[in-house]
Amino acid sequence: CMMPHVIWIDHRQCYRIVTSAFVHGGFLHLGFNMYNFVFAGGRLEQMMGTVRFVNLIVVWVLVLGILYFVIAFVGALFQYARFWNECAVGFSGVLFAILTVDSFAAPLGTQFSMFGWQIPARWYPWAMLIFTQVLMPNVSFIGHLVGILGAFVFSHGLLDCFMLPPFVVLFLEKRAIKLALLRLPC
């Protein structure tokens with residue numbers, strides 16, 4: 001799990017920054033994350049293309065893990081050690097980033113439904129953050145918040161240096177299409 005104080009004590013465990021995104025707290029946690037990934041991830045993948053989407057997911061896993069660590073560290077400096085000692089797992093940070101980018105892409109005036117309530121698209125990630133925290137107080141508040149912050153970082157172009165250049169994306173997409181065509185039964 002993502003445990004900032006453990007990483008601070010033993011730097012060899014910095015792998016937790018990445019691996020914690022792929023560990024879940026049970027089948028319900030995994031199922032809820034995958035449902036949301038299919039719901040919002042599919043739209044974002046269609047907008048970006050598969051290669052850029054996968055590239056962004058990889059970048060977000062790393063950046064959000066580092067951002068989580070930094071926020072927990074700052075909290076600990078100010079005598080708020082809850083997040084410094086928290087054991088956080090799951091893909092929710094990336095999902096909140098996807099939901100936030102999806103809400104940015106929605107035309108002004110668009111509303112998303114959250115359990116029957118219509119919420120303006122721009123406020124949807126914040127509403128989900130509050131909703132999940134109220135409904136499930138044991139979930140990682142910072143884990144979800146860093147997803148929203150990561151989407152803002154991405155939307156302002158601050159992750160562009162980590163994205164594959166367009167010629168590499170085009171090469172990989174063409175290669176994937178050729179491989180898919182070769183596997184088609186005759």
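Cβ atoms are placed via backbone N, Cα and C, with glycine included.
Listed in TrEMBL:
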DOMAIN    12-157  domain 'Peptidase S54 rhomboid'
TRANSMEM  53-77  transmembrane segment
TRANSMEM  83-102  transmembrane segment
TRANSMEM  123-142  transmembrane segment
TRANSMEM  148-172  transmembrane segment
Local confidence of the prediction over the domain 'Peptidase S54 rhomboid' (12-157), expressed as mean pLDDT: 92
The domain 'Peptidase S54 rhomboid' (12-157), counted residue by residue under DSSP: helix, strand, coil: 103 helix, 9 strand, 34 coil
